[in-house]
Amino acid sequence: MKPSIYSLTRDELIAWAVERGQKQFRATQIWDWLYKKRVQSFEEMTNISKDFVSILNDSFCVNPLKQRVVQESADGTVKYLFELPDGMLIETVLMRQHYGHSVCVTTQVGCNIGCTFCASGLIKKQRDLNSGEITAQIMLVQKYFDDRKQGERVSHVVVMGIGEPFDNYKNVMCFLRVINDDNGLAIGARHITVSTSGLAHKIRDFANEGVQVNLAVSLHAPNNDLRSSIMRVNRSFPLEKLFSAIEYYIEKTNRRVTFEYIMLNEVNDSIKQAQELADLTKTIRKLSYVNLIPYNPVSEHDQYSRSPKERVLAFYDVLKKNGVNCVVRQEHGTDIDAACGQLRSKTMKKDREKVTATK
């Protein structure tokens, strides 16, 4: 299976071309075709010789993804189900915001983190996506904009789809360099957010990268007992280890950390738990932010339900009274398969039923 050329950073593409007897400017031309003109085949690169186009075709594909399902919400949110070359399925979501167009990308096929409320982990991790497969998600959403011819562009990226980004660290970092490159898509680092469930050692590595990309941490509980019961990752990286790494990140980068907190009715949404959360973040209050997230119910996790609005607001009020920077997140795509991993899970179930029916 040929890798996608999207897997290469600009420097790597230059090195690859020079090794094959080409001048550096040839790689720059190819890069422009990929990320500025956004062609979908090497044959469209009209200033590249046929011989070198043949070498490109022998070495790479362009976009490795095939579109399987598209769901569009009344609010303009678009959810894509893409098929990988090996037949595996992944999800990507386009969210229209007042500040621009944000795309949520997937980094793994399945997830091993094992959060008990999440649809992503219904199917265990089967493999990591390579950086080209992650970048290809952005390119196909941008193609959707290009085809509309309204001058729209992907302006923001959130690495919050299926999988744990820091469990696929090398490929995610390569992806970030590709989409942030000023000579390509030029998506600003401060418009990119990477979310982790709390791999403390990788948070430290990320701090040392020196990038301006935003960090979000999926917290979802204010104490170890509850967090370990709903997020298995907490057994390896309890809150003490996690917050030590977060404090290191803040000290090293002087950048704010966002905490994501899904509101689960009568599980993590009490007044007492709001106070615990306020106390937990007290020492980093100036450089932290809490995002309260309405829960999208998942049929396979019917032990959980969405917190009523009055409980969310009461929780929010406690945080605000304690000086915590916080917001209740705006919902997107509530009339489609909104929960992360939900569309993929449903489609795989339908595919299995079709196979069974033909036997």
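Yeah, the Cβs are placed from backbone N, Cα and C, and that goes for glycine too.
Listed by Swiss-Prot as binding S-adenosyl-L-methionine are GLY163, GLU164, SER218, LEU219, HIS220, ASN296; the candidate from SER195, SER236, SER244, SER270 that the record includes in that site is SER195.
Spatial neighbours are here defined as Cα atoms within 10 angstroms of one another, and by that definition CYS118 ([4Fe-4S] cluster binding site) has no neighbours among the recorded positions GLU91, CYS104, GLU164, SER218, HIS220. Annotation for the binding-site residues CYS111, CYS115, CYS118, LEU219: lowest Cβ count within 10 Å of the residue's own Cβ, CYS115. In the three-state DSSP scheme, CYS111 ([4Fe-4S] cluster binding site) is classed as coil. A gap of 14 Å separates the Cα atoms of CYS115 ([4Fe-4S] cluster binding site) and SER195 (S-adenosyl-L-methionine binding site). Nearest neighbour of GLU164 (S-adenosyl-L-methionine binding site) by Cα distance, taken over the recorded positions GLU91, CYS104, CYS111: CYS111.
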